[in-house]
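Lifted from Swiss-Prot, the feature list:
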BINDING   10, 134  Mg(2+) 2 binding site
BINDING   10, 48, 70  Mg(2+) 1 binding site
DOMAIN    1-142  domain 'RNase H type-1'
């Protein structure tokens, strides 16, 4: 039987584009692990995607996951839009290249071993774990140490 994991993620960007951060809370039974990372030049959407990728990359085996995020962009992208993007060689319905393609490809790969139930939570509404992730993401953004490889200003 697969481990049942609950994951909460958030991304933050001060400026958009600007410095950004990710915040992650992973819960397995009674154990919680947190993660905060800061990036130099990036965007809020890239941080939302990167938070989920980083969280999934912490897992050592295939898991049953409930993943909570306040990002409609991430949730809709991975549960709806990505299928057509892949079919259309990573082109949006406008014919233009999909933004953040590098991270969408990484996220698509990161979800493969797992069964994931995607949950959207309203941001800044007092949801304990979402507020924790928001704070962790802001801490990361205030102390950037990493380059957001793949970020380009279009």
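Here, residue 1 is simply the first one shown, and the rest follow in order.
Backbone N, Cα and C atoms are what each Cβ position is placed from, and that goes for glycine too.
From a predicted model like this one, the values you see are computed outputs, not experimental measurements.
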Segment confidence, the domain 'RNase H type-1' (1-142), expressed as mean pLDDT: 96
Among 10, 70 [binding-site residues], residue with fewest other Cβ within 10 Å: 70
The one of 48, 134 whose CB sees the fewest other CB atoms within 10 Å, among these binding-site residues: 134
Alpha-carbon distance [residue 48 (Mg(2+) 1 binding site); residue 134 (Mg(2+) 2 binding site)] in Å: 11
Secondary structure of residue 134 (Mg(2+) 2 binding site) (DSSP, helix/strand/coil): helix
